[in-house]
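Engineer: Attaching a single structure in C-alpha cells format; questions to follow.
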Amino acid sequence: MSNPSAPPPYEDHNPLYPGSPPPGGYGQPSVLPGGYPAYPAYPQPGYGHPAGYPQPVPPVHPMPMNYGHDYNEEERAGSDSFRPGEWDDRKVRHSFIQKVYCIISVQLLITVAIIAIFTFVEPVGKYVRNNVAVYYVSYAVFLVTYLTLACCQGPRRRFPWDIILLTIFTLALGFVTGTISSMYENKAVIIAMIITAVVSISVTIFCFQTKVDFTSCTGLFCVLGIVLMVTGIVTSIVLIFKYIYWLHMVYAALGAICFTLFLAYDTQLVLGNRKHTISPEDYITGALQIYTDIVYIFTFVLQLVGSRD
C-alpha cells in the first residue's frame, strides 16, 4: 500500500485478519502505541514471567499423611485428600488410650497397696499365710470376673456393671498377688516390683516406636499360651510330689517371657493403627488385659528373684 489514495490490494481485503503471516512469524512489538498503558506480553516458552507482576499462586497439594505399612496404593490414593473425620478418629483413639491407662494406673495403685499391706504388715501376712482359703476364694472370684468381662460384651459395656465388675476383679487379683508376695522376703518383692515396672515401661515405649506388628501374629500367641498352660499343669503335678528347683525356674522364666510378649500384643491392640485393634468402646477390655499381663509378669519375676521366708 504505497499509494494512500489507491484501493487496497486483494491481499489486504480484510486488514484486521491478515491471511498469512510473513516468513519468520510476527515479532513482538518493542513499544506499544502511545496513549495506552504498557501491558506485558504473554510469556513464551523458555521465558520467565514479566517483571513487576506477581507470579500466579501455585496449586496447593494435599499434605502427605503418615500411613502405616499395611495401607496399599488404592487406599492411599483414596485417602490423600483431607478428611475431617480423620482428626475425629484420632481424637477418639487418643481419648481411648488415656482412659485405658488411667484405669490401669488406679488398678496398679490398688494392687501395690494390697501387696504392701500383705508383705510389710506382719499380722496380715501371717494371717493370709495360715488361711489358704483367702487365696483360693480370691482366685475363684478373679477367674469368674475375668471370664465375665472378657467373654460377655453386655456387662463390660454397661454402666455401672463395668466399673463394679472391674473393681471386684482388681481386688480379687490384688488379694491373690498379695498372698503370693507374703510368702517371699520383702527385699525380693521390692526387686520384683522394680523389674516389672522397668519391663512394662520399656515394652510400652517399644510398642509406640516399633513398626513390628505383633497383632498380626495372633496364631503364634495362641500357641505360646497353650504351651505355657500345659507346662504349668505338668510342673504343678511334678512339684506336688517332689520339688525340683530348676524345673520351677524354667517355668517361671518361660512365664515371664510369654507374658512380656502378651503385654506387647495387648498394648498394640490398645494403641491401634495395626492389623487388629480394640474398639474404643471396649476400654474395660484393654485395661483388663494389660493389667493382667503386668501382674503375671510380677508374679513370675518374683519366683525368679525371690526366696521364700
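Positions of Cβ are set from backbone N, Cα and C atoms, glycine also.
Annotations per Swiss-Prot:
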| type | residues | note |
| --- | --- | --- |
| COMPBIAS | 70-84 | compositional bias 'Basic and acidic residues' |
| MOD_RES | SER79 | phosphoserine |
| MOD_RES | SER81 | phosphoserine |
| REGION | 1-31 | region 'Disordered' |
| REGION | 64-84 | region 'Disordered' |
| TRANSMEM | 101-121 | transmembrane segment |
| TRANSMEM | 132-152 | transmembrane segment |
| TRANSMEM | 163-183 | transmembrane segment |
| TRANSMEM | 188-208 | transmembrane segment |
| TRANSMEM | 221-241 | transmembrane segment |
| TRANSMEM | 244-264 | transmembrane segment |
| TRANSMEM | 286-306 | transmembrane segment |
Engineer: Answer with yes or no whether the transmembrane segment (188-208) touches the transmembrane segment (286-306) by the criterion of at least three Cβ pairs under 8 A, sequence separation 6 or more.
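Structural biologist: Judged by the Cβ rule, the two regions touch, with the required three close pairs present.
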Engineer: So which residues does the transmembrane segment (221-241) touch in its own chain, when a touch means Cβ under 8 Å and the partner is 6 or more beyond its ends?
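Structural biologist: Residues 214, 247-248, 251, 254-255, 258, 261-262, 265 contact the transmembrane segment (221-241) from elsewhere in the chain.
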Engineer: Residues sitting near the transmembrane segment (132-152): Cβ under 8 Å, six or more positions beyond its termini, same chain?
Structural biologist: 162, 165-166, 168-169, 172-173, 175-176, 179-180, 284-285, 288, 292
